[in-house]
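Enquirer: Could you have a look at this structure, given as structure tokens, before my questions?
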């Protein structure tokens with residue numbers, strides 16, 4: 001009898017459920033919790049995150065150099081870059097406006113007794129926010145940070161924007177060389193890129209173990225009790241994320257002749273993984289690989305995905321706008337239309353280019369709330385449920401960035417329809433096999 005193979009999506013899903021069950025048990029048994037978390041679960045989860053971080057930089061550099069060298073046209077590349085940033089700005093602005101509108105309509109912060117809420121220390125985020133507000137991540141600061149004074153230092157830190165900038169310049173320089181000088185080095189980068197994707201497949205075999213450990217630690221530390229006083233906020237954020245994915249991104253996909261349902265089907269493994277780990281980095285290599293297989297050219301895929309990691313966080317901006325209004329409602333503050341316009345503009349500016357900052361959503365909110373007179377202390381009340389919200393917004397970030405690749409490819413007239421149809425048939429075939 002032939003042994004049935006369990007797909008990666010099911011492996012991760014099963015690991016997620018078992019991890020939640022173990023975490024719930026440990027939350028009620030603190031004596032066993034401490035030893036297991038410190039000696040088993042945290043190291044097991046950290047191994048997976050470290051493995052992913054290990055491959056992200058070489059994948060971004062090699063795929064981008066190969067893609068850009070293939071384009072070989074600075075003007076064409078500039079057009080792709082301009083369209084990408086324009087698309088990111090429009091979509092994230094829609095996310096901000098939608099979040100504020102939904103929060104005003106459903107009012108998740110009204111009627112909550114603040115004495116029932118648990119306050120969490122957010123001082124670590126306040127220090128980071130001071131750096132952001134000091135100018136290190138202002139518009140000028142972001143532009144300057146694009147240029148790495150030391151590329152090896154940027155590699156060591158995993159600074160995505162400087163790496164993208166360097167890789168684009170290197171790719172353009174490589175493309176300008178005579179063919180006999182260009183091709184040998186280009187083949188090295190091409191081989192390195194393919195090798196790193198093979199390494200990614202090897203690492204993904206460990207993904208269920210990493211997911212199990214990471215979710216178990218999260219549930220063990222926070223439990224479910226902290227969710228109940230803020231259940232209205234949690235439900236609303238999740239509903240808003242589903243609405244944005246299916247309706248807003250669905251509409252964008254339809255305009256481009258695509259279906260967001262098929263995209264979600266293609267990305268099911270990555271969505272479960274991103275949701276479980278609350279990290280976009282864990283799936284970045286796989287998105288690059290899958291979107292290229294779906295018909296987007298390497299030059300667009302390798303540029304849009306890493307750039308989107310800094311500029312196209314749809315889930316994060318949607319959550320930040322809801323959280324800002326929620327805290328205002330919690331304190332009984334009625335924001336005027338003018339204040340809400342200021343809130344939209346401030347979020348548009350502060351949410352760009354700081355993806356690598358620890359606790360990015362809290363940093364953005366801390367840098368934003370003061371501009372419209374919302375008490376910063378309110379963030380301490382939602383910090384306890386931030387992890388469960390972070391999981392959902394990370395999943396939306398993944399869908400948003402994957403769709404962005406396809407939109408830009410369509411916009412440039414470089415989307416391979418034949419390749420896309422073939423890939424869709426392959427996905428349907430795999431789904432049919434899994435159900436039989």
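Using N, Cα and C of the backbone, Cβ positions are placed for all residues, glycine too.
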Enquirer: What range among 21-46, 47-72 does TrEMBL record as transmembrane segment?
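Expert: Comparing 21-46, 47-72 with TrEMBL, transmembrane segment matches 47-72.
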Enquirer: Residues of the same chain, at least six outside the transmembrane segment (160-177), with any C-beta under 8 angstroms of its C-beta?
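Expert: That would be 57, 60-61, 64-72, 74, 77, 142, 145-148, 151, 154, 185-186, 303, 306-307, 309-310, 353, 355-356.
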Enquirer: Using a Cβ cut-off under 8 Å, which residues of the same chain at least 6 positions beyond either end of the transmembrane segment (47-72) come close to it?
Expert: 80, 155, 158, 160, 163-164, 166-168, 170-172, 174-176, 182, 186, 189-190, 192-193, 196-197, 199-200, 203, 206-207, 209-211, 213-214, 277, 279, 281-282, 284-285, 288, 297-303, 306
